[in-house]
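Here the structure is laid out as structure tokens; the discussion comes afterwards.
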Amino acid sequence: MLDIIELNNKDGLKKIGTWNSTEGVNFTRTFVDVYTQIVESLQNKTFIVTTILSAPYCMLKDSSEKLQGNAQYEGYSIDLIHEISKILGFNYTFRLVPDKKYGSYNKETKEWDGMIKELLDQKADLAIADLTITYDREQAVDFTMPFMNL
């Protein structure tokens, strides 16, 4: 039998499971352990969030004064990422996708555009929008569970 050991910043070396030739891998971490580790890794980080103007998900706020940064946006997607950030303790900065596209793959150039390109080029850490999950997009980037179904 072999122990599976993880090196982390908090505890140093920690046993997280075992392996043997008959049963294979057996992880001993609990859901709470994994969740705590994920939350701690997100604490106080600032993520660049790419999005696109599409009512009612992301819209520019009407205001008599000039708004800047995250304050200039409102909508369902904006509220959703705000609530997630409060729960998980991270910060974020919105960045509208420069080409105003969701993300399509060009088979001739073999390149993506839109929010998918922003993610692949690491200009954004995550995207939040009414972005349809397609087979091609799923091959390029990871998706969470959708927040709506049509």
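Cβ atoms are placed via backbone N, Cα and C, with glycine included.
Owing to the predicted nature of the structure, the values given are computational and were not obtained by experimental measurement.
Noted in TrEMBL for the protein shown:
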DOMAIN    46-149  domain 'Ionotropic glutamate receptor C-terminal'
DOMAIN    56-121  domain 'Ionotropic glutamate receptor L-glutamate and glycine-binding'
Query - the domain 'Ionotropic glutamate receptor L-glutamate and glycine-binding' (56-121) - residue tally per DSSP class, helix then strand then coil - result: 24 helix, 15 strand, 27 coil
Query raised in the report: What is the average pLDDT across the domain 'Ionotropic glutamate receptor L-glutamate and glycine-binding' (56-121)?
Result: 97
